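Undergrad: This is the structure I have questions about; it appears just below.
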């Protein structure tokens, strides 16, 4: 199921819609740039395009040639392209209007755990058991790979901040990279320790203006990493 919750001024949230169009676990939800629509991706090998206000499923896309379930999904910033990650290490790119599969990226090992588009729309970062790969969306090529953790530690999450200046990667710790280019280096400018003691950060998201990072871990806690008081430098 998918549930849509609406917040109120008193701080409470009410469940507005319960959506039951999928027949297996829903692995990802991504909201369209207009905030009017969203897509869900499921292990039932389909993705659904919804109207956010009504909770109505406008289309459910099934590819007969694909038996792979979906494990991650993200909209491109222009809202016209959808990226989905599969259980079998393939990243599939879709034209949202035609619901056509327009490109596939291969090369990972294991399920695609997370995908994130850069805000300028040039890059796609994908995470899987074997690390993170960066893809040039203009040439549809992998131009850089990060194998940061040992073979027993999957890379669970990857996230570009809204300004396009930073990329965060989560595995046994969280690392923040300065965004480079196809040719320029992507340098690690900060490593945040695993304070959970579990050796596994499960998700990472940038806050507004990259002023903080929200990190989820296997100990069921959410931790917020921010700058020290009065410090405006990300590198400090």
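Cβ coordinates are placed from backbone N, Cα and C, and glycine is handled just like the others.
Where the annotation comes from TrEMBL, it is an automatic prediction and has not been curated.
Below, the features straight out of TrEMBL:
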- 19-60: repeat 'WD' (REPEAT)
- 63-104: repeat 'WD' (REPEAT)
- 105-145: repeat 'WD' (REPEAT)
Undergrad: Hey, which bits of the same chain come close to the repeat 'WD' (105-145), Cβ under 8 Å, at least six residues off its ends?
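TA: For the repeat 'WD' (105-145), the far contacts come to 71-78, 83-91, 93, 154-164, 167, 169, 179, 182, 186, 203.
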Undergrad: Looking at the repeat 'WD' (105-145) alone, can you tell me the average pLDDT?
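TA: It averages 95.
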